Each structure stands twice: as C-alpha cells, then as structure tokens.
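Undergrad: So that we are looking at the same thing, I have put the structure below in structure tokens.
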Amino acid sequence: MSSAVPLNVGITRSADSGASRADGEKRVLLAEPRGYCAGVDRAVETVEKALEKHGAPIYVRKEIVHNRHVVDTLTDQGVVFVDETDEVPEGALLVFSAHGVSPAVHESAAARNLRTIDATCPLVTKVHQEAKRFARDDFDILLIGHEGHEEVEGTAGEAPDHVQLVDGPDSVDAVTVRDESKVIWLSQTTLSVDETMQTVARLRERFPNLQDPPSDDICYATQNRQVAVKAMAPECDLVIVVGSRNSSNSVRLVEVALNAGAKASYLVDYAREVDPAWLDGVRTVGITSGASVPEILVRGVIDLLDEHGFHDVQPVTTANETLVFALPRELRAART
C-alpha cells in the first residue's frame, strides 16, 4: 500500500563529495517527505478530538505516538498516560495508542468497564489481521521486529501460540518451526527496509518455502522517509534526524543515513540538543524527521542552522504523500 508518487530528487550536487564544498556556501538538504504520517496524524487528532468531546482527563495506554514533544503537549492539556489498563479508574475513557494492542488488553479494559477509543494505525491493524488469518491456517508466523516494542507485543498477542519474534538477522538461527511448508514472515511497520530484507534472506536460507506477507508490512511512510534520506545522505557531511529515542522509525533513519554515506548522523528531540561542535567543518547538513514528529520541531533546527550560516535550504523530494485515514467512528462527526 502506498500513497506516494515518485518525484525527481532535485539535489544540486557538487563536483566532488559534500566535504569538498569547503570553499562554497553552507547548505541544508531538507528531506521530503518527513514528519507526520497518516497514522500518527490520525492518532494525535483522535486524542485532541476526544478531549474536545469528553473533556479532561482522558487516559491513553502507553504513549499515543513515540514523540516526547507530542506527549508533553497532550499531558499539559489533561491527558493522562498510563502503562496498563489497571491504572485507569473504572468507567473512564481510555484511548489505545497508534501502535496497537493485543486482545488481552481489550479484554482487560472491558473487565474494568472502560470506555475505549482505538487509535491503532490502520496499517498496524492490517498486520494484526494477517497474524490472525495465518494462525487460523495453522502457519508458523515469524514476526520480524524489536523485542519490547508495543507494536510487536500487540501483533504477537493476536496469535501467541503461532508467532515467534525474530529480532534481526542474528536471531534467525534460533528459529524453529513445526512444518517448513507452512511458514510466513510478517514485520513491525517501522523497521529498516534493508535490514528487514537481510533478515528475510537469512530466514529463506533456512526455510526455502517461506511465504511473504500478502502486501508490504513496513508502512509507506517508513519506506518513503528512508528513501529520501538515502537520496541525500551521500552529499551530507552531517544528517540531523529530529525524533525521540524510543521512536523506532526515527532511530532507523540515523542508521539509514550512515549506511547511505553520510559522514555523521545524530538524533535530537529539539534544536537545543544540536551540539555546535557537530557543525565544525561542515558544509552540507541533511535534515529529516521521524513519522511522529511535528513540523515545528524541524523548523527549530532549520532556524538554528540559519544562525550558524546555513542559509541555503534545498528540498530533496522523493515522494508526495496524500493518504489520510478516517478518525475512529466515535469521533468522525467531530473532524473538520
């Protein structure tokens, strides 16, 4: 599934590498697309509309999205973030985060008579449905993802007797299956495409009949942001990724930048976290942001770089995203 239209990259390349621009103008390469994806936009708006409709406090299980600024802003507005449903007063309103939850969490909420709104990204829900479908057909499901991530816990919880977590290529040797003719891989939606394909290749060496998911599990936005970073990284002395450390897709962007040729790459939540020493001798800085990052945080980094002489900002556009997800049915009438 994709909402992306391929576009020209449009980087004005130097004759040599970015480092050879020492006598030229400092510049910023600004990745497009970046920032909010459709699932994050839907999740954040779900909480905002729930506040408007029901008033504070409302409760959210885990972080609605993995971004410190978003969570802090919503907390200031009266949202209470909890780890588990037993922390929510009986009968209160609880929103499930964009990362999805297992059936056991739904059951726990119902047992406490909680009113619930599900802000799970529809692309995560798709993976849940795949897990249920292949479990019904008695497949061994190899779920590629990061141990402890909420999305992985939710997906695995749909079919705990059939799902095995595969946390990267190094985990492949420990995988065991019952019937090598009935094995399928699924994945967390926010992984590095390249590393996931490495893991799949290793799995296929062990299990030649390994089936692919019916459609891409890594979401369009994750892929698009990685493609944009790959396009600009070879020209960059430095790539700054705006995002939080618990954001899987943001962390992956740092890895992608380094693997694609950037000389250095750092993850920051705010412009104030940019170390001026990072800019010593730098002529080309790439900027991108994770899928849960509001644009105001990117603008803060651009303004900071402008103060350090990086006045020339060139967009690097590799796709145009148009996808919009409907709000949960409880709130659709409230959307403007």
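Keep in mind that glycine also has a Cβ here, set from the backbone N, Cα and C atoms.
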Undergrad: Given Swiss-Prot annotates HIS99, HIS149, THR189, SER247, SER248, ASN249, SER292 as (2E)-4-hydroxy-3-methylbut-2-enyl diphosphate-binding, which of HIS66, HIS69 belongs to that site as well?
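TA: That (2E)-4-hydroxy-3-methylbut-2-enyl diphosphate site, as Swiss-Prot gives it, pairs HIS99, HIS149, THR189, SER247, SER248, ASN249, SER292 with HIS66.
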Undergrad: Just checking, which of HIS66, HIS99, HIS149 (binding-site residues) has the fewest C-beta atoms within 10 Å of its C-beta?
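TA: Counting other Cβ atoms within 10 Å of each of the binding-site residues HIS66, HIS99, HIS149, the minimum falls on HIS149.
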Undergrad: List, in sequence order, those recorded positions among CYS121, GLU151, THR189, CYS219 whose Cα sits within 10 Å of the Cα of SER292 (dimethylallyl diphosphate binding site).
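TA: Near SER292 (dimethylallyl diphosphate binding site), where near means Cα within 10 Å, there are no recorded positions at all.
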Undergrad: Starting from each candidate's C-beta and looking 10 angstroms out, tell me which of the binding-site residues CYS37, CYS121, CYS219 has the most other C-beta atoms.
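TA: Buried the deepest by this measure is CYS37.
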Undergrad: Around the Cβ of SER248 (dimethylallyl diphosphate binding site), how many other Cβ atoms lie within 10 Å? Please give the count over every shown protein chain.
TA: 24
Undergrad: Which of THR189, SER247, ASN249, SER292 has the fewest nearby Cβ atoms, counting only those within 10 Å, among these binding-site residues?
TA: SER247
Undergrad: Provide, as an integer number of angstrom, the distance between the C-alpha atoms of GLU151 (active site, proton donor) and THR189 ((2E)-4-hydroxy-3-methylbut-2-enyl diphosphate binding site).
TA: 8
Undergrad: Count the other Cβ atoms sitting within 10 Å of the Cβ of GLU151 (active site, proton donor), across every protein chain shown.
TA: 26
